[in-house]
């Protein structure tokens, strides 16, 4: 691992380590994969306005999310089925998150149980959920998470149906039985044609889910509720009005609606209408410490890392995940120093220029 110099290099190692079906499942996006490329490319169009002759002899990257201290504003996004990447699955990811002093959002589609993850190490964890047609299934999982000491619920709201992921259709991607749902619902699908994950999703996900259902979720848990999957100011306002505790600006890693915008390009419109009333987080396309800085400058409290975590896990297990987080932290620290920002609070909107601003300045 000494030769790995950036997070992207883990992608190639993961490709070598994994069966094609599983690598394609993690790696792929929806349809033409336009948004998949754009999530990364959009960060590259944002430039810095670094400030010099600031005392940056001490850099403090630490911050708080919902009052919980983390070592840097870099959290682990919910991604499904980690045992397909590594035999230790989510337990390895959870241990790496704890070692790096950050928050892991555990996926509803985890291959380890909530209780296994909770007992693996002492750390702050959130649980991502889907709402199933059988509400009792979702309710039971939420209750179990609360009992296991999880600190927040992250409701994914951009999946009334699963996006068309053509690699999974071609590969006839299997949906394994997930231990979290044993005795509740069968998750195993071995398709004759098409994607088993899509077949499972269409049979279970509640496509009637709407804003009023936030009240239902409130009624079954005392935990803070974040909604993940917003891309517009209109929905951000609806979220605030519905009384949610946080927003994750996300396009589901470009796996749902292709040609939805890159998340970094819509972050500001969400931040502007939220006006600091609740935290706004961002995921999608974060591959460098510079990307973390750009997201914070545009108003995010923290970023969530998805695919690179899975690639690190596939390549090198728990140590791979740790290495991914540490690399991003190291790059972020250098970016803060070279931009003249000794603390997170010093990062301002004036430290970046978006493509639109550059174009306007030319007019």
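Just so you know, glycine gets a Cβ as well, placed from its N, Cα and C.
Here's what TrEMBL has on this protein:
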| type | residues | note |
| --- | --- | --- |
| DOMAIN | 1-357 | domain 'FMN hydroxy acid dehydrogenase' |
| BINDING | 78-80, 107, 128, 130, 156, 228, 250, 283-287, 306-307 | FMN binding site |
| BINDING | 165, 252, 255 | glyoxylate binding site |
| ACT_SITE | 252 | active site, proton acceptor |
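Location within the structure of each feature annotated in TrEMBL.
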| residue | record | Cβ neighbours (10 Å) |
| --- | --- | --- |
| 78 | FMN binding site | 23 |
| 128 | FMN binding site | 24 |
| 156 | FMN binding site | 22 |
| 165 | glyoxylate binding site | 24 |
| 250 | FMN binding site | 28 |
| 252 | glyoxylate binding site | 23 |
| 255 | glyoxylate binding site | 22 |
| 284 | FMN binding site | 32 |
| 286 | FMN binding site | 28 |
| 306 | FMN binding site | 23 |
Task: Recorded glyoxylate binding residues, 165, 252, 255 - maximal Cα separation rounded to whole Å - done: 12
Open item on the list: Please list, in sequence order, the residues in the chain of residue 80 (FMN binding site) that are at least six apart in sequence and whose C-beta is under 8 Å away from its C-beta.
Closed with: 107, 109, 110
- [ ] Out of 165, 252, 255, give those binding-site residues positioned within 10 angstroms of residue 156 (FMN binding site), comparing C-alpha atoms, in sequence order.
- [x] 252
TODO: Sort the binding-site residues 165, 252, 255 by C-alpha distance from residue 128 (FMN binding site) and give me just the closest.
DONE: 252
- [ ] Give me the Cα-Cα distance between residue 286 (FMN binding site) and residue 252 (glyoxylate binding site), rounded to a whole Å.
- [x] 13
- [ ] Compute the mean position of the Cβ atoms of 165, 252, 255, which form the recorded glyoxylate site, and then list in sequence order the other residues of that chain whose Cβ is within 8 Å of it.
- [x] 28, 29, 30, 162, 163, 253, 254, 256
Task: Candidates 78, 284, 306 (binding-site residues) - the one closest to residue 252 (glyoxylate binding site) by CA - done: 284
Task: Cα separation, residue 165 (glyoxylate binding site) to residue 284 (FMN binding site) (Å, whole number) - done: 17
